[in-house]
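According to TrEMBL, the features are:
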TRANSMEM  68-84  transmembrane segment
TRANSMEM  96-118  transmembrane segment
TRANSMEM  130-148  transmembrane segment
TRANSMEM  160-183  transmembrane segment
TRANSMEM  190-210  transmembrane segment
TRANSMEM  222-245  transmembrane segment
TRANSMEM  257-279  transmembrane segment
TRANSMEM  291-311  transmembrane segment
TRANSMEM  506-524  transmembrane segment
TRANSMEM  536-557  transmembrane segment
TRANSMEM  569-587  transmembrane segment
């Protein structure tokens, strides 16, 4: 028989098992039995006499990278997260609370599943079936996302969410039970595994009990989701620290967290692309400013990606640091998610503000005071109608109330007497009280022009998919309030600008917090001695993070905030800060101006002491440190 025939026979024999052991010893014996005759060893199989492990602890297979099942689960998570962001964007204080709550439950569900995967996952019929359940849980999260409103609860949605959490933890309990079956010969390890199984089972039953607490009325019982989720993560970490059989040492947990970070940062590319499609609605929309803000946004995503992976180059840390590093990714991912969602919305708002700054109700005719002084009211109304009509051709109103508001405003102007216009021109030239036109007609004109501008602004916002009409409608229904079209458009316009202020605030705050948390993570990960330059550099990074967050305080000075927001620097400011961080990251030595005897900026120090850690080999039960040649962090 040829070698190819032998390999084909072996491949055919390796069928997918119902259960596959994650133990190293059993995997070796199976591979020996299934190996080709030429590769089989003639040495006796000592595994028949049993195996000894330190403290009677089984040794599980360790993996450098995520398996295909894990990668597919992460991709599924990415898809569900995108759906979640589209339905639960942060655009009000209530939605902010819902975003944080939903994100917390979703992220912790991913984490507890990941904690099982990195230690015990194998490829078997059982694991594939369990993976299908976990994927179904993620689909369930997407199903409840549109109606997840803790401030205005839908009973079916809240109950469904609780049942989804119950199914997730119950599936994990069954998976841990399968591991207990594989290590049943190790009597000392039954207790820790039973604790892990019991924890997941009890948590699943609590979620089941919470399900029936939701009724037709709002309830604060949903807060227990967040408390229980935090407690179960804490218990999982404590059990892992106390019992080596459940330890995360030597696993690829940190790689999974890094991969998830890529997902959160990469989501920005998707939203940037969607924003570009939204703002390019007219032939002249693709101008230099649009190119600039899209370039700035794309640069932010790429720079954040580079900075994160320049700072997080190690994959293994001592136990306490590893768990701290893992748990710190929760606030980091929350901040990154809000930061990415925020600056991609600012892309659209930058374009909106640019168009707003160019809105002018004056035509060539209306700009000529001599012509206005000789005009009739009908002529003025016709000229305004042309200006508004041309604007609506480019930015078509999506609601009839917007059109009605513009028509009502023009109708109000048509009630002004013809003698008003020459008097208005005279007053604009002299600015004397004696020349002031009729007060009632002047107020009518002012209110009508404000209504026209409001209608034009709302039409523009609706075109760019910034639409609060349904929200204002719902609020009016709750208050049993009936508004005229003009009042309704005014309310929509006011709330839209409040939304913009909120987006501006949390984008800069989240950008700063993201940077500060990345600095903390780099400190936790650092395993080389601290130099003066490294300390100063980390202080600079922290101050830059605080500075970015403090930019949000501009809202307390409306004039300065407006100047900054309508300028071209709202997004590039964030870009320049992250580029400066990237540059400082690769300045290996301090500037000679401040540090005597400093080497060249870019030269690398030789013989720098290090106490890095390596991944445990297959023969190790406990995790042990040792020097290795892995690339050090850039910071």
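Note that Cβ sites are derived from N, Cα and C of the backbone, with glycine treated the same way.
Heads up, TrEMBL stuff is auto-annotated, nobody curated it.
The transmembrane segment (291-311) shares the most Cβ pairs under 8 Å with 569-587, out of the stretches 190-210, 257-279, 536-557, 569-587.
Residues 66, 74, 77-78, 81-82, 85, 110, 285, 290, 294, 297-298, 300-301, 304-305, 308-309, 312, 325-326, 329, 332-333, 336-337, 340-341, 343-345, 347-348, 351, 464-465 of the same chain lie 6+ residues outside the transmembrane segment (257-279) yet bring a C-beta within less than 8 angstroms of a C-beta in it. No contact links the transmembrane segment (222-245) to the transmembrane segment (536-557), because fewer than 3 Cβ pairs that are 6 or more residues apart lie under 8 A. Two recorded stretches are said to be in contact when at least 3 C-beta pairs lie under 8 angstroms, sequence spacing 6 or more; the transmembrane segment (96-118) and the transmembrane segment (536-557) fall short of this definition. Comparison of 130-148, 536-557, 569-587 by number of C-beta pairs under 8 angstroms to the transmembrane segment (160-183) places 130-148 first.
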